[in-house]
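**Q** Here's the feature list from TrEMBL:
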type: TRANSMEM; residues: 6-25; note: transmembrane segment
type: TRANSMEM; residues: 52-73; note: transmembrane segment
type: TRANSMEM; residues: 79-98; note: transmembrane segment
type: TRANSMEM; residues: 136-160; note: transmembrane segment
type: TRANSMEM; residues: 172-196; note: transmembrane segment
type: TRANSMEM; residues: 208-230; note: transmembrane segment
type: TRANSMEM; residues: 242-262; note: transmembrane segment
Amino acid sequence: MYSSNLIGFILAVVSGAFIGSSFIIKKKGLQRAGLNGTPASVGGYGYLLQPLWWIGMVTMIVGEIANFVAYIYAPAVLVTPLGALSIIVSAVLAHFMLGEKLQKMGMLGCLLCIVGSTEIVLHAPQERSLTSVLEIWLLAVQPAFLLYIASAMALSFFLIFYCAPRHGQTNIFVYIGICSIIGSLTVMSVKAIGIAIKLTFDGSNQFIYFQTWIFTMVGISCIITSLNYLNMALDTFNTTVVSPIYYALFTSFTILASAIMFKDYSGQSISSIASELCGFITVLSGTTVLHCTRVPDPPVSTDVYSPLSPKVSWYIQGNGEPWKQKEEDGPPLNLIRIIQQDHFK
């Protein structure tokens with residue numbers, strides 16, 4: 001009965017392990033590249049010659065493929081929250097391989113993510129059995145989901161054309177809101193494409209229907225848009241703040257979209273729905289704790305000869321008042337005169 005959910009769960013866990021590991025492997029490759037040339041953080045591309053970085057990229061691709069297949073076998077309300085597992089894997093491996101200390105509160109965050117994920121898995125709804133893309137299309141054009149699409153697009157256009165130019169650089173919810181809302185439509189399209197591919201491999205070609213190509217075009221457009229605004233958010237704001245907010249909004253909108261389109265919670269008891277929501281809140285809390293206790297990377301100086309912080313010196317001026325001087329400033333005129341007088345005495 002729950003075999004498809006079990007397959008989706010296993011694939012989601014595998015995906016989290018591969019994606020979380022890829023972050024660490026790529027960072028090790030970036031560190032090695034930085035030792036032999038210009039670091040990537042200041043515009044260097046030496047990491048492209050590092051085999052370790054490419055191993056990390058392949059690992060990430062494998063993880064994303066596993067995540068893609070997981071959406072075929074399990075509902076989005078099960079697969080999407082389990083994305084937090086990649087954060088746990090990344091934090092634990094960083095502790096042992098990169099020397100980034102995992103504090104006690106960080107360990108508590110990992111435990112909360114595990115407990116919440118278990119709660120979600122135990123109460124996740126059963127995946128619907130779909131035999132054609134035409135069935136998915138009927139779900140996508142039902143009035144309730146069309147209303148969600150219209151609302152999502154209207155809100156996205158408002159954020160893109162009105163809020164982003166005015167408040168994008170100061171309000172973190174603008175860019176993250178755009179990529180989260182569009183991201184929920186991405187997941188719905190990707191799930192439809194994945195089911196079409198699975199049915200095609202089973203012998204029922206789904207690419208003869210124009211609906212399959214509509215899902216494909218929508219999916220590609222949404223992926224490009226959401227990645228663009230996610231990069232803008234990461235470039236503008238601190239990653240430790242962006243990650244938990246993006247996880248919360250993206251997962252919330254995806255669960256809402258999936259519940260409307262696929263009617264994931266149809267037939268479930270109130271207690272099961274409440275338990276799954278509590279599990280999601282627990283995972284969200286663990287993710288937030290993990291990111292809040294993370295030690296940020298030290299800033300990289302573009303000049304290898306410059307000190308990490310300017311030195312400050314104090315001198316006594318001729319009138320007896322202290323005068324504060326930074327290292328990049330020249331020496332005070334009164335001091336120059338005193339040195340000159342002492343030199344020629």
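Glycine residues also receive a Cβ, built from the backbone N, Cα and C atoms like all the rest.
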**Q** With Cβ distances under 8 Å as the criterion, find the stretch in 6-25, 52-73, 136-160, 208-230 that has the most pairs with the transmembrane segment (79-98).
**A** 6-25
**Q** Using a Cβ cut-off under 8 Å, which residues of the same chain at least 6 positions beyond either end of the transmembrane segment (208-230) come close to it?
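**A** Long-range Cβ neighbours of the transmembrane segment (208-230): 133-134, 136-137, 175-176, 178-180, 182-183, 185-186, 189-190, 192-193, 196, 246.
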